[in-house]
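Per TrEMBL, the feature domain 'PLAT' maps to 2-114. According to TrEMBL, the feature Ca(2+) binding site maps to 17, 75. If you look up TrEMBL, you'll see 99 marked as site 'Essential for stabilizing binding to COTL1'. The annotation domain 'Lipoxygenase' is assigned in TrEMBL to 114-647. Look at TrEMBL and you will find 348, 353, 525, 647 tagged as Fe cation binding site.
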């Protein structure tokens, strides 16, 4: 018996409140009390209630709620409910952070994270099972294209669960910006876009220096697509050097021996069927670029081969820095166009967006809201499912942006995605492993391993150690093991043969896997998303298509280059969607700074606070370092890395 004080928090968005009455129940160890329809969560951020309960409930386990429909049903976004009273030992916290719809009863467990092992009396067993059963009905795997990893079921954003859709501030910004971009395209104002970019790397710098070999090489390490470059361990077999290029071969072998020879191979594009746009044939190449690392840190191209050798055909032309300037420039422009294709499809869409979607759907299907790993990961899935549905229905759909203006549209883009999917490896998603495999640990800025280490070695490991005291605790967690299998076997369509785990056997393995998940949803995406504005707004530095075939001789004029570049309409469209996708998001949550509090226990909150402090220190360190750089690199600066894939 006694008095309970109840606080109920409604979401901050304009449409979060509801005039419908809400019925509440308190569920404790010793009983349950129906409090009746005591709440109307209208547009007030926090409501306080006091109720008398005639029986002793003991320690509170759950708060149940049901929104009753009046003449009209209005959804309500509940952030959390807090209860103080007999048996609560202070204030019990019940996180929600979701929409309350219809008239079904929703159960909110007290926010202390618990694995199955942490519930020896099975007080939450039925709740966990029922919650996952209901989630699996709502979060269903879909199908997009043969040979690709699985998406969430649904063709439009309206097919998605309500909790995965944009709130109105994000939705309004997205819709207005898209409409503004399309209007700019039609009235030709788009040619003035980006002159006030918030990025330090300005369009003017790229426009003035895009022809320079140094800037060309720089982009393989620090541009929009840092995922292709690797240190050469031998001369590529596709690089056929004729006898008259003996000096070049000697030079390449010298750089190889000193460890300063690097390559970027676009063979994934070989044989891809190019698009036909408005009855005009477009063209695709599959270049190979060999580069050398100078003592001063510059990465300079040595030779470009635009197509692999063909049986029965003359060896492909090799373009050199010593060639006539227009021939060398056209070869580099072809490389930049090829990089645009693989960046957008392989590095950005597949490795960023689609993998994050697999992780998010698998988590919703396999981990109940009580599970510590669910609580750890859920902030990193915000808006990912809707932005991916919009991408599939607008960018890479039939008559989408790729079909309209990109050389790999109308089917070629799907071919590339299928080839790239077949080559996905677990190690390539773990930055220290990936950089080691590509021989880049000693040549990249320290941001990749530093951010990954900050996530894994400190934040994730400390979180995991709070809930798993031994390797056996990891192995014996059935929900955790089901989650891992759901990602690898189902979402990734059997990726265990490429190193992805189907079970987690130790705390170290669990930490590594979770770090991969979080980094994919944050730093991995940021590294390939944020550079679009800087590098692709000047069209010759990243043409979305090429309108003439790759040159087969070095007799090249300036007109040949101009005629190869996208048409005026294609260029305007490219600038429009690059502006739309690459702009700084006004509705943005920085890495580690989500406001949702899924953990009620103080341990995880302290770990998160320490992580935020480490990110702030790294952010300041990057700011100081960038002040001394000719070209600042900010794509992995923590304050600019979004906490989830939202655009």
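Backbone N, Cα and C define each Cβ position, glycine as well.
Around residue 99 (site 'Essential for stabilizing binding to COTL1'), a 10 Å sphere centred on its CB holds 20 further CB atoms from the protein chains shown.
Residue 353 (Fe cation binding site) sits 24 Å from residue 99 (site 'Essential for stabilizing binding to COTL1'), taking the C-alpha atoms as the reference points. According to DSSP, the domain 'PLAT' (2-114) comprises 0 helix, 64 strand, 49 coil. Confidence annotation: the domain 'PLAT' (2-114) carries a mean pLDDT of 93 in the model. Distance noted between the C-alpha atoms of residue 99 (site 'Essential for stabilizing binding to COTL1') and residue 17 (Ca(2+) binding site) is 10 Å. Looking at residue 17 (Ca(2+) binding site) and residue 348 (Fe cation binding site), their Cα atoms lie 36 Å from each other.
Cα of residue 75 (Ca(2+) binding site) to Cα of residue 348 (Fe cation binding site): a span of 34 Å.
Residues 348, 353, 525, 647 make up the record's Fe cation site, and a Cβ search at 8 Å around their centroid adds 349, 352, 356, 387, 528, 529, 645 from the same chain. For residue 525 (Fe cation binding site), the same-chain residues lying six or more positions away in sequence with a CB closer than 8 A to its CB are 348, 352, 353, 356, 642, 645. All protein chains considered, the CB of residue 348 (Fe cation binding site) has 24 other CB atoms within 10 Å. In sequence order, 387, 529, 581, 585 are the residues of the chain that are 6 or more apart from residue 647 (Fe cation binding site) and have a CB within less than 8 Å of its CB.
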